[in-house]
Each structure stands twice: as structure tokens, then as C-alpha cells.
Amino acid sequence: MDFDTITSISTPMGEGAIGIVRLSGPQAVEIGDKLYKGKKKLEDVDSHTINYGHIVDPETNEVVEEVMISVLRAPRTFTREDIIEINCHGGILTINRILELTMTHGARMAEPGEYTKRAFLNGRIDLSQAEAVMDFIRSKTDRASKVAMNQIEGRLSDLIKRQRQSILEILAQVEVNIDYPEYDDVEDATTEFLLEQSKKIKNEINLLLETGAQGKIMREGLSTVIVGKPNVGKSSMLNNLIQDNKAIVTEVAGTTRDVLEEYVNVRGVPLRLVDTAGIRDTEDIVEKIGVERSRKALSEADLILFVLNNNEPLTQEDRTLYEVIKNEDAIVIVNKTDLEQNLDINEVKEMIGDTPLIQTSMLKQEGIDQLELQIRDLFFGGDVQNQDMTYVSNSRHISLLKQARNAIQDAIDAAESGIPMDMVQIDLTRTWELLGEIIGESASDELIDQLFSQFCLGK
């Protein structure tokens, strides 16, 4: 597939030690040679080398910058095209000047995600691997980055390709049955083979889907909302979990007037912690906005940490808050155990039933370990599975796998009911196509464009 040559800045904008301008395409080396002055022309250097020299404006012969240029020749590159990377000092003015020179002499500004898109279109990676590149960039924990790296390396792709190959083998048998309907033994053998292989594929899809909940948590983080009356210690809890002081902690009720969010790795579980404004009736306009945002965060939460004050009796406000969350995955935390106990624990247990309860003192940092273990146990049964497993974490992949499972179940039901093989063939083909959408072998151009448009510029 023929493309033009693209260019972009591949490092974050701003002052830094190093800035990189990347070019990819058939004229990458030629454009580089128009700007580069060194011991050798770039066209004469070996592939996968880095070369010292200067960028010079060809129009004025002005030395723009001292650089190191990497030369990477196709096909042993990420895009499977010629690539050069111009490494310069990280000043905004200089790196923009070099970018402008590359465009003046034949390159086009790359679109977001275009390098990865070219890697996909040139067969370097499939669509699920391309999506994993962005997951890796966005990962918030070591575990999430490991899951993404496994997918970049092709673990999910290999599984999907094997399943599609198995379906093709079933379809080949079905074709024999359709072509030679007069042979009963062929029909019997085909039906037996179809059912055996289809059930095996369905079981494999089910195993992948079983990793979906954990995979999605690792990819996106477990959305965890801390809720309770004002001044029960919600922000102190957030600070203890993230070991930071982002939330404002004071003795004034209603201090947290917005939703504060932070990522933290708790016992291998990535949490997206959300500290909310206390939910209560208020006339303060600013606080009222915070309360509404808190209600929205609650409705979207995977886990709710409901905080009570050990120093105060249970109130109607506490009961009202618990009514809002009682049907959700929640942990009740009795905080401030370092203070005099005025809270009736039996009354709390009667209200919350089987909901887990942890007692803590955020001031003395007591009970935090128990809280972390309870979070892990609630969602992972006490066992955060091996990060080397193949996880499905992408919502698009999960949706397609569910559709594929339904389609192959339709094929199984049809075969068991004695429906003609040409009808069964339709469901099998549909399963094959749905699995192909995951790795991009049967994805539409519109879907591909939409997915890559979400990437950052320069990747």
C-alpha cells in the first residue's frame, strides 16, 4: 500500500531535555537529507543507526539545531516504512522550526494515530494490537501496562485467529455436506464434527469473557466513590490511600466542593478513587453543584466506600445515604476510632446487613490494610489473577465476543434441531466475521478511522 510521507512531533510539547520529530514514508530519508548536514548523507548510512550532525535551513544555510538522527529502513520498522527520527533539544521554538522545515520540503503533518494506523494497514499489527498501544500509553498501574503489553505482543490476536481457523475448518466440512447431500454418512459426520468444534469454540469465548470484568478494571480502573456526611473523614481516607494531600482536609463541614479523582494501585487492583462532596441539602450554589456531581459519580461507581463517624450517633442523614447505595457493591467504614465511641455498631450492622464493615482511624492510619484486603476480596475473590493471562479489557472486544457467542450458539441449536446445513452455515459465517472485527480483518473503514482518531498526535 502506497502512502505519502508524514511528520509530527513525537514528544510532549513544552521545555525538556530532548524533543523528537518523526517522519515516516517513502520520502522520509530524502527529506531528512535536504535538512541534515553530517559526515555522510542519510541515504548512505546503515539502517537502525543514529547519526550526529546539524539541521540546516536549505534556503538560508542557517544552522538551526545540533541533532542526532535515527535512520530506520523498511520493513523493519513500526510502520513498515522508512522512518527517521530527529532528536534535538527540547525547546518549543526549535522543535517547531524543524517540524516546519520537514513540511516545507515534502512531508505532511500526521493525523492523530496515523503512525499506528499505518502499522495496521501495512500488516505490522492487527486492530486489537493497535488498540492495545493506546491502552499501554494510558495505563495507570504496572498490572494494566502488563495486560496491554501482552495484547500488543499478540496474545489475544493469536487466540482469535485460532478460533477463526477452526470455524473455517467447520465451514469446509459443511460445504462437503451441501455439495454431496445424497451421502448420509457425510451428513452425520459433518453434524458431529460441527457440534464438537462449535461447542469448543463457544467454551473458549466464554473463558475470554470471564476475564472481561477483571480486564476492564485493569484497563479503566475500578471506579470507587467515597461517600458520607460532611466531615466524617472522606478526604483523609483518600489521602491515606493515595499517600498524597490533593484533597483539602479541614474541620469545616462541606470543604470538598467538587469531585476529586485520583488513581491508585491497591493490592494489584487499580482504583480510580473519587472523593465527593457530602450529599446533603444546601443553599450554597457552589456546594450544590458539587452535590449534584457526587450523585452522578455514585450512579456510575463500581464500588462505594460509605464512611461513618465513630464519634457521632447514627443519624437520619446516614440512613438516607445508605438507602441510596444499599443495592450497590459497597464497603461500610466506621472512621475516627481514635475518638470516643458514640456510634452504636450493632445499630450500624442492623442497617447494613451483609455489607462488609471495616473500622479505621485515618489519623493513626489504622485499618487501612484491612480495607485494602476487603476491596481486593470483594472484586477478585481474594485472588488477583496472574497478569500473564490473556485478558479481554476493551468494551468493543467484549461486545463482539458476546455477539459471536450468540451466533455460534445459534449454529449449535440449528444443527441439533436438524435444520439444513446451508442455514447453519449462515450462523457460522457470522461468528467468523464478528471475531474478525476484533482483529480488524472484517472491520469497516469508518470503524478503523474512528478508532485511530482517538490516538494522540505523533503515535
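Note: Cβ is positioned from N, Cα and C throughout, glycine not excepted.
As annotated by Swiss-Prot, (6S)-5-formyl-5,6,7,8-tetrahydrofolate binding site applies to ARG22, GLU85, ARG124, LYS459. Positions annotated as K(+) binding site by Swiss-Prot: ASN231, THR250, VAL252, THR255. Annotation source Swiss-Prot lists GTP binding site at 231-236, 250-256, 275-278. Residues or ranges marked as Mg(2+) binding site by Swiss-Prot: SER235, THR256. Taken from Swiss-Prot, the feature domain 'TrmE-type G' applies to 221-380.
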By Cα-Cα distance, the member of binding-site residues ASN231, LYS234, SER235 nearest GLU85 ((6S)-5-formyl-5,6,7,8-tetrahydrofolate binding site):
SER235
ASN231 (K(+) binding site) and ARG22 ((6S)-5-formyl-5,6,7,8-tetrahydrofolate binding site), compared by Cα position, are separated in whole Å by 52
Within the chain of ARG124 ((6S)-5-formyl-5,6,7,8-tetrahydrofolate binding site), which residues six or more apart in sequence place their C-beta under 8 angstroms from its C-beta?
PHE78, THR79, ARG80
Out of the binding-site residues ARG22, LYS234, the residue with the smallest number of other Cβ atoms within 10 Å is ARG22
Whole-number answer please: how many Å between the C-alpha atoms of ARG22 ((6S)-5-formyl-5,6,7,8-tetrahydrofolate binding site) and LYS234 (GTP binding site)?
46
Segment confidence, the domain 'TrmE-type G' (221-380), expressed as mean pLDDT:
76
